[in-house]
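Asker: Just passing along the structure, written as structure tokens.
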Amino acid sequence: MTVTTSSPTTAEGRTPGIGRVARVIGPVVDVEFAPDELPEIYTALHVDRTIDGETAVLTLEVAQHIGDNTIRAISMQQTDGLVRGAPVRDTGAPISVPVGNATKGHVFNVLGNPLDVDKVDAETYWPIHRSAPAFDQLESKTEMFTTGIKVIDLLAPYVRGGKIGLMGGAGVGKTVIIQEMIRRVAKEFGGVSVFAGVGERTREGNDLFLEMTEAGVIEDTALVFGQMDEPPGTRLRVALGALTMAEYFRDVQKQDVLLFIDNIFRFTQAGSEVSTLLGRMPSAVGYQPTLADEMGALQERITSTRGHSITSLQAIYVPADDLTDPAPATTFTHLDANTVLDRAISDLGIYPAVSPLDSNSRILDARYIGQEHYDTAREVQRILQRYKDLQDIIAILGIDELSEEDKILVNRARRIQRFLSQPFFVAEQFTGIPGKFVPLDETIDSFRRLTQGDYDHLPEQAFFMCGGIEDAEKNAENL
């Protein structure tokens with residue numbers, strides 16, 4: 001495992017050299033070095049810049065060798081105040097971030113500097129550019145990751161060490177699901193979470209930190225932010241920094257890790273900006289020609305090694321709701337499951353507002369989850385799909401015009417729909433309802449009996465915001 005040291009040397013064992021700034025165009029900086037001192041691609045460089053009498057150190061990352069002993073680098077900060085001829089120090093190593101327990105409960109930038117405190121006592125730093133695990137280190141079996149959230153476990157089960165897309169608009173509950181998953185990993189499984197804020201609003205990042213602190217889940221979480229006001233180089237690398245922290249928890253501390261990336265589209269967008277700045281010819285719809293390669297370099301590191309895993313939950317913005325856009329389409333090829341949040345369900349007050357018909361998973365298959373689970377999930381989806389097909393008729397003619405069989409099915413579907421709601425631990429302070437973790441066996445059995453009509457005699461409202469079927473029976477007694 002690679003760990004940076006206090007006195008870096010290059011891969012060839014030589015002492016890093018000193019270069020000079022030759023040109024500055026926005027975040028792109030060309031630097032001249034002596035012929036035998038050219039730094040390698042991805043090497044971090046340091047240069048001083050002065051604004052209003054205050055000197056600060058800029059970090060650059062080598063992106064290209066452009067000839068004439070010159071490299072082209074991307075700055076991780078604003079380049080205001082940088083002048084031609086300024087000395088540039090080769091660090092001899094890539095950008096490195098702190099790893100280990102010292103990162104828990106803190107917020108970092110792409111360079112590994114803490115944003116919420118002055119300093120963290122980290123003993124180990126790892127470079128953000130790392131290889132994916134070797135093939136013989138990977139976990140060969142496919143295993144379900146039980147969340148204790150009924151709608152997810154039943155209809156769109158997550159894969160341990162897999163990649164899950166979380167799609168939804170503003171205000172439908174993405175942040176609450178993220179907080180709940182962080183809490184469940186920490187409390188139910190003794191795991192740790194890492195959050196990467198990629199190109200999102202600074203206000204949202206601040207709100208998330210404060211809400212997680214209030215909910216009591218911050219102590220088991222490391223957060224890394226590169227927000228939308230940052231240069232494109234920062235937004236392109238922040239996900240790699242967070243992933244590096246997650247890899248340490250998996251490989252060294254032997255923990256299961258949940259990695260959140262919000263928003264993976266901004267990662268692609270930043271790559272497009274950097275590609276244009278470097279003068280590369282754009283590809284389809286103006287995206288970078290290296291889109292698939294950049295996405296693969298990130299996604300292939302998110303996996304299970306023997307006995308331990310990084311499970312990733314990635315928020316996905318879909319431009320103009322076009323699923324064929326190259327950015328989301330490239331992401332979809334790596335995903336094991338999609339959790340789609342539906343505003344229509346949110347408007348009904350049903351949370352989590354997960355669409356049972358649009359969400360999917362590659363392991364919703366009897367080979368992976370067992371025949372009973374598969375049959376129950378498909379029957380639930382069949383009933384809900386039929387209910388959806390009948391809604392236009394109900395709206396125009398009324399429910400009385402349906403056949404007796406369809407009336408029974410509609411009433412059953414409404415009970416199932418409400419039973420898919422569930423109180424969350426992190427929302428207790430708002431709802432006043434204690435959070436519930438529902439074991440998978442109980443979830444399957446409850447929905448199997450629901451689809452068979454065993455609970456048709458209970459009122460609809462009894463199924464709203466409850467954990468297991470026992471809660472529904474208790475609610476019915478109180479109605």
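Just so it is clear, glycine is given a Cβ too, placed from its N, Cα and C backbone atoms.
Just lifted these from Swiss-Prot, have a look:
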type: BINDING; residues: GLY168, GLY169, ALA170, GLY171, VAL172, GLY173, LYS174, THR175; note: ATP binding site
Asker: By a 10 A CB contact count over all chains shown, which of the binding-site residues listed here is most packed: GLY168, GLY169, GLY171, GLY173?
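Answerer: Neighbour-count leader: GLY168.
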Asker: Reduced to three states, what secondary structure does DSSP give THR175 (ATP binding site)?
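Answerer: The three-state answer is helix.
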Asker: What other residues of this chain sit with their CB within 8 A of the center of the CB atoms of GLY168, GLY169, ALA170, GLY171, VAL172, GLY173, LYS174, THR175, the recorded ATP site?
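Answerer: Those within range, site residues removed, are LEU341, SER346, ALA353.
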Asker: Mind telling me which of the binding-site residues ALA170, VAL172 has the densest Cβ neighbourhood, counting other Cβ atoms within 10 Å?
Answerer: VAL172
Asker: Around THR175 (ATP binding site), how many other CB atoms lie within 10 A of its CB?
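Answerer: There are 17 of them.
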Asker: Given a separation of at least six residues and a C-beta threshold under 8 Å, show me what packs close to LYS174 (ATP binding site) in the same chain.
Answerer: LEU166, GLY168, ASP262, ALA315, LEU341
